[in-house]
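Please read the structure below before turning to the comments.
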């Protein structure tokens, strides 16, 4: 058995925890200090420390979703590949794929519906008034507009459906990634079912071709979801391959102290590419000319950023791919990501994703702008009938912003803890009940452990066993929430 398969892969949970913290950081930047997305506040101006390469990465966004896509590919493939590759049990592997595919929709849909309903109730009581009137255009875009009660109910039903069709949920726009991640999980299941009987070298060839296909495809979000899902499946396959793991163990020092730092430095620099105004700083302009427009006339791109693709998402996806390979090659990074704090953050990451947006647009904005949204005057209309630009509310002070950051972050993780304790547990039980109804009991014992298996824990039981269980590669299927 390979070295990787003998040990747990707690680093998956740790990486998920870091990702949820990055999502909070970037949304705080969007709401309270949007210029952090630029290389400088003004063209040719001196950048702030948080705007320079590498240091700007946590604030500029575009990282959470591709990381969750990679983790989805990795953990969805882990157990089926273990059963097929190490134990040679193809039948059990296919049954695992079937049960995982069945569990995935309710484990995503049910919590998302509850989060949307909470935001809907808050909108009825006017909790988004401050967010609708503040001077942050991103917060205004994210907050649902006030509507009459009847129209609000109709908008709710449209939002519940649109989350899984057009990805447009006006009550929680952060749920836009739920649909592509759900589709991505089924992409992994289909690939596993189609290749589970292949020889190892040909399965690897399929995964490599899929990564190449999605990178060469310049369609929307192909680099964010398709390529990272395929990379996760590829690394899950290699983690089961004894010669690959023996090679990593043999050259561990060279890989960990030379190759991995080079990958992280290159990936981090490329991933620092700004959201916009790349011509405002020399370093970002050079990066633009090298990756986005090498010819200087827009006629062609580069391998990392092909012509017609989204430069920001391509550069961020490249960075995540460098990080993913680095973690795979470095046991030291895996151990670092297995810290208890990161594991706790990772365990609550899905809840953070579902709750933080609503808390930011309500409590976070109340602290900065006031609860009432006053003073406010209806701007009226211009002579041509178009609406006038309102006099938006401005932050009370810098101190209120800092207080908002601290209180919002604290309340978000308290809410996430409560969500996992009650809401997520109820959703897991509902999914488990449904699975038992649908599948024959004699097909295996996985159904009785669906709730914990979705979270990647090997043993079932009550709350105490969930706290002390370890997310093992050869245990249950790890659950990967979106950003």
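A Cβ is built for glycine as well, from the same backbone N, Cα and C atoms used for every other residue.
What TrEMBL says about a protein is an automatic prediction, not a curated fact.
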Of 297-317, 318-338, 381-401, the range TrEMBL labels transmembrane segment: 318-338
Per TrEMBL record, range annotated transmembrane segment [choices 218-239, 350-371, 438-459]: 350-371
Annotated range (TrEMBL: transmembrane segment) out of 181-200, 461-480: 181-200
Segment proximity, the transmembrane segment (318-338) to the transmembrane segment (350-371), 3 or more C-beta pairs under 8 Å: no
Surrounding residues of the transmembrane segment (318-338) on its own chain - C-beta under 8 Å, 6+ positions past either end: 9-11, 14-15, 18, 57, 63, 66-67, 70, 223, 227-228, 231-232, 235, 238-239, 248, 252, 255-256, 259-260, 263-264, 266-268, 270-271, 304
Spatial neighbours of the transmembrane segment (108-131) far in sequence, C-beta under 8 Å, 6+ residues away: 139-140, 142-144, 146-147, 149, 152, 156, 159-160, 163-164, 169, 171-172, 175, 178, 181-182, 350, 354-355, 357-358, 361-362, 365-366, 368-373, 393, 419, 423-424, 427, 430-431, 482
Segment-level pLDDT (mean, integer) for the domain 'Acyltransferase 3' (9-370): 96
